[in-house]
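Features reported for this protein in TrEMBL:
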DOMAIN    35-166  domain 'Tripartite ATP-independent periplasmic transporters DctQ component'
REGION    180-200  region 'Disordered'
TRANSMEM  18-38  transmembrane segment
TRANSMEM  58-77  transmembrane segment
TRANSMEM  97-121  transmembrane segment
TRANSMEM  145-165  transmembrane segment
């Protein structure tokens, strides 16, 4: 039974990683579309004196959604900022405990963002709120997409935390640091070399 639970956690982690990867790709495409819209708007203003209209509003929605949809992928890539002055000098067990505490702290932030986003979304839904522009965007659309990104971030954090607790109980702290610890400069260099080799 413990093995099946451990396997379920690992499968959930793989599913979270796959979803986070798809979402960050969508965020990248959204940023590209945003850039093309801004460029087209500037070109039209300079050439014919007209614009696409509401570009700044749409770009702000895409930017906000892109941020929330990228959080889970950034966590899996260990791209969030960590203060590692003492981390590298500590033994493996304290490092694993620090990784656990970092995940707990990040999960608390995700829970707060989820609650706050839900309050905003539910208020917009109850009031049938629209943007104060000619676009008249129903605010539940961008707010709902933003909330979805935060929810995925929180679920991915929870799965990773369960995985780390399991490894700690199994007396495997090294698995925690390898999966969630601060990336060393030599590891980043090796990864960059591997990626450049694959690109060729």
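First residue shown is number 1, and so on along the chain.
Each Cβ is built from the backbone N, Cα and C atoms, and glycine gets one as well.
Predicted automatically and left uncurated, TrEMBL annotations should be read as such.
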Can you tell me which recorded stretch out of 18-38, 58-77, 145-165 has the most Cβ pairs within less than 8 Å of the transmembrane segment (97-121)?
145-165
Contact set, same chain, for the transmembrane segment (18-38): CB under 8 Å, 6 or more residues outside the stretch:
52, 55, 58-59, 62-63, 65-67, 69-70, 72-76, 149, 152, 156
Same-chain Cβ contacts of the transmembrane segment (58-77) under 8 Å, 6 or more residues past its ends?
16-17, 19-21, 23-24, 26-28, 30-31, 33-34, 37-38, 106, 110, 135, 137, 142, 145-150, 152-153, 156-157, 160
Across the domain 'Tripartite ATP-independent periplasmic transporters DctQ component' (35-166), what does the mean pLDDT come to, as a whole number?
91
